[in-house]
């Protein structure tokens, strides 16, 4: 968590404490509530910061060239909602930009990848759409182009396939052949020709792959953190009831449409931004809590500045679960990831 963010929420929580009156000794211990509109505005701002921090972004992506709808629909079918691969894994859909298609038989595809350095690639598949001009059997060879090279000998053969049907095809690529680009730019050359001896090939060469139309090629990548983190057991706690003054979980649903973020967050439509609130009598002090969380980190900072007596106990999260997101990054790639510790499931007294 960055220092400016801590200072921002420090100010907000101080405002909350002042609104609750001098009798309250902890910002989550109950007392007078904020007005509903003010509370909702605070929740929405917290949701924005929580999502950006969880995705390691400084600002929301600006989508200037969204992927074609047909290709995006196909890609989203590959990325179903739910948990991604174990070990803090991610799934990424990267759409191709055609940088050279002067020949009917050859195309150069450019992909702008945004794989974190702390992750490694372990699975890669290329999706291509074969046009109805398919002459019979097609021989497709996929090469990787090295950086700053233009000679024919600079390319490396990754895969070779024979195709006999039109429509979408998925081609597995060796993940080892796609690693090592520090710039994040990957270039693949497709050499697509009718199989030699095919009697149906007549006349001028015709384009066989849809590389620039609505069926845009894309890469399906799976990446995993180098040092997977351990999972946490899930625990639940009752939600706050109107007549319950003790520490409990207060539930808020945040719709991404309300945030104005539906253009880059594809799934889900929203999530539960829960937080902990209520009184912590002395006999509840020291209940299990999570020290290294966004919620309790701010409270710990406040307590370190000694605004309350040393014996004060605060209502903080004791269990969290991840949030699975499908979103478009700054390069227009579709990313599927589980953001850890996003949804509060249980609360307790620190």
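Yeah, the Cβs are placed from backbone N, Cα and C, and that goes for glycine too.
Keep in mind that this is a model prediction, so the values were computed, not measured.
Summarising the annotation, Swiss-Prot assigns signal peptide to 1-19.
According to Swiss-Prot, the feature N-linked glycosylation site maps to 198, an assignment based on experimental evidence.
DSSP assigns residue 240 (disulfide bond) to coil in the three-state reduction, outside any helix or strand. Sequence-distant neighbours of residue 240 (disulfide bond) (same chain, 6+ residues apart, CB-CB distance under 8 A): 248, 249, 250, 251, 277, 278. The feature disulfide bond is assigned by Swiss-Prot to 240-248 (among others).
Per Swiss-Prot, disulfide bond is recorded for 247-315 (among others). Cβ neighbours within 10 Å of residue 315 (disulfide bond), excluding its own Cβ and spanning all shown chains: 31.
In the three-state DSSP scheme, residue 276 (disulfide bond) is classed as strand. Under the heading disulfide bond, Swiss-Prot lists 276-347 (among others).
Under the DSSP three-state reduction, residue 349 (disulfide bond) is assigned to strand. What Swiss-Prot records for 280-349 (among others) is disulfide bond.
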Is residue 247 (disulfide bond) helix, strand or coil when read with DSSP?
-> coil
The rounded CA-CA distance in Å from residue 349 (disulfide bond) to residue 276 (disulfide bond) is 10
Tell me the Cβ neighbour count for residue 280 (disulfide bond), meaning other Cβ atoms within 10 Å of its Cβ, over all protein chains shown.
-> 26
Whole-number Å distance separating the Cα atoms of residue 280 (disulfide bond) and residue 247 (disulfide bond) is 6
Which of the listed disulfide-bonded residues (248, 349) has the least company, meaning the fewest other Cβ atoms within 10 Å of its Cβ?
-> 248
Whole-number Å distance between the CA of residue 247 (disulfide bond) and the CA of residue 276 (disulfide bond)?
-> 7
May I ask for the distance between residue 276 (disulfide bond) and residue 315 (disulfide bond), taken between their Cα atoms and rounded to an integer number of Å?
-> 6
